[in-house]
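Can you keep this structure in mind? I'll have questions shortly.
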Amino acid sequence: MVKLPSASRIRSLATVPSTATRAFATVNPTPPAAQPTKSKPRFEKLDDGLTFDDFLSGDVPPENERVVLGNTKQPRLPSFLKHPIPTGASYSGIKKELRGLGLHTVCEEAKCPNIGECWGGGKGNATATIMLMGDQCTRGCRFCSVKTSRAPPPLDVHEPENTAEAISRWGLGYIVLTSVDRDDLVDGGAAHIASTISKIKQKAPNILVEALTPDFATKGVNVIHTVASSGLDVFAHNVETVERCTPFVRDRRAGFSQSLKVLEEAKKGAKAAGREILTKSSIMLGVGEMEEEIHETLRRLRASDVDVVTFGQYMRPTKRHMKVDRYVEPEEFAKWKNVAEGMGFLYVASGPLVRSSYKAGEFFIENVLKKRRAAAAEHAASQLSTQPPEIAAKV
């Protein structure tokens, strides 16, 4: 039998105020309604900005009150640095031939802005800078877009022959070879570069060869002499920037003094082999250098007996690379050309789009080298003519 509560107990419970909320097992209690909050417009500045009617009326606010979109932390690319997209039969033909032989060019790997101009010329005028030893570099310079690897693939033993074959087909008068750094190789790839130059000279004896080389750091001077005495005409190695900026621009294994030593040893190695070569280096502007530092760099290059120097604008290849400090005006490039020529450099190329292997400079150097060859031949002929007839006949 269930015992019921007494009547007094029921009355006492009825008089106690209840704060409990009634809920059903199958229905969630409804929370108190929240006060609606006004969401902030995503493009508030644009909503408060100009309308189409404002532009029609001409009432445009001052520049400091306008909304600016995009990257404002880097200087805007000037019009004189903009270049057309490369096209044309010559461009397509060179690209197809390079692919067929499995060759790489620094023109493509380094995203050179002059590729359309250099590859777009007719036969005898088109130029391409062949990049030897693959497309993966053991260095990681902050300005360069060439791929980096600690362990690149082995060298292609057929590359020297394929390179010489391609160049002989083009019918060029001047060719530029460059390469990635290969710190993983015992000689840094010097023998591979020298072999390529020798094979080019065998297939096309009259062609002039320029080699833009690595610094061969820790490999010794003999590897520099190997390349310099291989039959090339121009030995190029770039200091890239002033000494103070070198640690921030180039790979930590590269050094300004080491680069000067490479250029000096190249002249010594060629002379020891009975050859006469030109040496060449390049400087990028717009990476944070100061005027006096450029003067000092030029003085040290001349002290190292460098014959040719080029100036060009640093252009950021991707957002992963270091930013441009400033865009140098064409007038300043013209100034540095005059300064360098006054210091005794044989040839100076200076301009926003000039690169170390720029064809305008190649044509000038080609003429200089041909004149030197002609002068040497004339001197030899004059020496021969002064000999007695019987000795001259033996010679």
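Every residue, even glycine, has its Cβ placed from backbone N, Cα and C.
Here's the feature list from Swiss-Prot:
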TRANSIT   1-24  transit peptide
BINDING   CYS107, CYS112, CYS118, SER357  [4Fe-4S] cluster 1 binding site
DOMAIN    122-346  domain 'Radical SAM core'
BINDING   CYS137, CYS141, CYS144  [4Fe-4S] cluster 2 binding site
Other than CYS137, CYS141, CYS144, which residues of the same chain sit close to [4Fe-4S] cluster 2? List them in sequence order, counting a residue when its Cβ is within 8 Å of the Cβ centroid of the site.
ARG139, GLY140, PHE143, SER145, VAL146, THR148, VAL180, ASP181, ASP251
Tell me, what is the mean pLDDT of the domain 'Radical SAM core' (122-346)?
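Mean pLDDT for the domain 'Radical SAM core' (122-346): 93.
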Output, ordered by sequence, the same-chain residues six or more apart from CYS137 ([4Fe-4S] cluster 2 binding site) with a CB under 8 Å from its CB, or 'none'.
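Non-local contacts for CYS137 ([4Fe-4S] cluster 2 binding site): CYS144, VAL146, LYS147, THR148, SER149, PRO152, VAL180, ASP181, ARG182.
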Taking the Cβ of CYS141 ([4Fe-4S] cluster 2 binding site) as centre, how many other Cβ atoms lie within 10 Å?
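For CYS141 ([4Fe-4S] cluster 2 binding site), the 10 Å Cβ neighbour count is 19.
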